[in-house]
Structure formats: structure tokens, C-alpha cells
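Encoded as C-alpha cells, the structure appears first; notes follow it.
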Amino acid sequence: VESLDAGGSSRSERKALEKKNITFKVGQVLKKPEAERSEEEAAVLQLHRDTVDELCRRQIRRNILKRKQEEVFDDTDELKSKVRQLAVAVKQAKNLVVYTGAGISTAASIPDYRGPNGVWTQLQKGHTIRHVSSDLMCVCCVCCDPKVNMLFLKLLMGLHLRSGLPRHAYLNSMENMFIEVCTICSPVREYVRLFDVTERTSLHRHGTGRKCSHCSSELRDTIVHFGERGTLEQPLNWRGAAEAAKMADVIICLGSSLKVLKKYACLWSMNRPAAKRPKLYIVNLQWTPKDDLAVLKINGKCDDVMELLMEELNIQIPSYDRTEDPIFSIATPLQPEEVNSHSREVISPPSGQEVSAADPGGQTEATVVQGGWFGRGYGKEELKEKSRVVKRA
């Protein structure tokens, strides 16, 4: 038991207070230019070298962190040169995998997660998506190429779904705010909604309060919060992600900080020698933990890079058409008793269009048939054939 002094303070408390005062005093001296320090102040620094070294290390760490958070832009000529290199990699790739993050949604007025105009900020304000980003429509085109094994995403707003990408062509690593699932049903039963289903959910609390129409079990969201790890096989499809990454010879990362994805070694083939891993191309304005492993780092906005890439690949970018948004054809209407189960704004279908009563048990097929490969002009027979291919897979 520590002894107390006359003032009731323990020895450890006195030491802590003394160290705090010394740290403050040394810190004040270090803020001054060396030429302006008095002899007494120089003596203080000499006496407390350990504290000086610790404060210097802290400052170095702060500077590094600050640099990592800064946005860096390649100049116009350098950006075009790098995109040409990326285009060559896409053309030569045998198995291409694309990882996307919040940066891909900038054209939809959702630039990131935590910034003043970020995803979380927008959600807290009750804002909704006004249009699908052009870079997502570019990805739609790229994903029509059979060499593209998988589009791997971590994007809360469900823009990939709304852009018309077929569900078998991508997987969610973290989330889709429009989907709630029943994990009791086998296979997992999905319910696509026209509103944010995460109103009642949080870290380690995923129940949405609504019930499965087939088994009456509570539905849960598909969000993977920071500090959690994705465990749902669908719609997250981790097994598919690992298999796609294993086959990949080229990986493109679009607008992701990679701070979450870096933890999944299976996505980077880290069990292979460096020379036998997929070639990595990163498009991001800020530092990522995989920059040192990248063949090419492009410091530019995803919108600008993807538009330039489409030019190099001679691919026309389709426009987003709200009347063709797949979410309206695959959404599951609420039961009468569930109408008041949320207070989030509902995405209204285009004028004259009604939401169909989609069957949660068959939405994977419905997404491909009804959503199609948006903007590519596939006919009914082609869509039927794609549906058969998906079902066989």
C-alpha cells in the first residue's frame, strides 16, 4: 500500500505530476528556435534528455501521420501517363480484381467516410444519393469483360447495386445499407429495402427490429463496423473473394484507404513470394498501407482516372438512368405491420413506376435478369442466358 503525504497524495501521483510539469516545461523550450533559448533553458534540455527525445519522437510521429492524411494530386501530364500504364495492365491482365472504397462515390456527392462531407456525416444529416457516380458506370463496363473475376467493394451506400452491376460480379467486404438478412434461413435470405436499414444497429448490435417473412426470425444488417470482421457468407461472400484474389494477376484499388482490407492476407496473396503476387495498382489521393507494394500509385480522383481509362480502352461510359435503377425491381416491400418500423427517408421510384413484390429467396437471379448489365443494351434472351450461367455457377 502506497503511503500518503500530508496532502493525501500517493508517491506515484506525485511522480506523475512532476513528470507532467517537466514535460510541459521542456515542450515550451523546444517550441523556441535554438538561437533564442537562454542558458537556463538550454540547461533544462540537457538535464532532461530522455524527455527531449520522447517529445521529438512524438513530433516525428505526428508529422508522419499528417503527411499520410494529406491529399496529393499528380499533375495533368503525369496523371495521363500513369493511366496509360494502367490501361496496358488492364488489357494484358488474364484475371483482374478491383477493390473499391468510399472514394469511388465522389461523383455522387459522397467523397469519403469521415470528412465534413463524408458518408457518416451525410447519413447523420439524412441526405440521400442523387445519382450514381460516373466511375461506377465505368466499372460496369470493365466488369463486362470476362477477364474481370470479381469487383470487391466496401461501400455503404449500395451504389454498386444501383449502378446495375450483376450481383454475381461483385461482393461486399463491409456493408450495404439497403440490405437486411435472415441468417437463420439457409441459404441466407436477403431483403433489399428502399431505405437505410441501419437505424437501430451499431457496433456488435445488428438486429434491425424487422422479422423474416419466412421463419419470423429477427433480420440483421450487413454492416461490418470498424473493429469487426465480416462473417456473413452472403452477401459478403468472403470465400469468393479469396478465390478471386488467388486467381488474380492484376489488382486495382480504387478510392480505398485499405486500412481495413490490409488485414485480410488472403486478398493480397501474402503467402506467395513477392514476385509471384498479383501486380497492384492503387488509385487514391492519400497514403495507403499498401503503397510500397504497388507497381503504380496514381494520385488522382477516381472519377478523373476512370474517365481517362475508358478513353484509353475506347469504351463509352453509359449514363445513369433512374428509371432503370435495379433497386426498384428487386426491393422487398414492407409488410403492413412494418410500415412504421423505421424513420429513414425512402427512395421514391420514378414517376409512374411501382416497386415489385420481390421474393427475398430468389433475389440473386432476379438481380441479374431484371437489373441486367446496366447500360449495355442486352436483350431478353441474352439476359436469360446470363441468368442460366449464374445459376450454374
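Backbone N, Cα and C define each Cβ position, glycine as well.
Feature list (source: TrEMBL):
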BINDING   C182, C185, C212, C215  Zn(2+) binding site
DOMAIN    76-316  domain 'Deacetylase sirtuin-type'
REGION    344-364  region 'Disordered'
Name them in sequence order: residues not among C182, C185, C212, C215 whose Cβ is within 8 Å of the mean position of the Cβ atoms defining the Zn(2+) site.
T183, I184, R189, S213, H214, S216, S217, L219
Starting from the Cβ of C185 (Zn(2+) binding site), draw a 10 Å sphere and report how many other Cβ atoms land inside it.
15
Binding-site residues: C182, C212 - member with fewest neighbouring CB atoms within 10 Å:
C212
Do you know the mean pLDDT across the domain 'Deacetylase sirtuin-type' (76-316)?
77
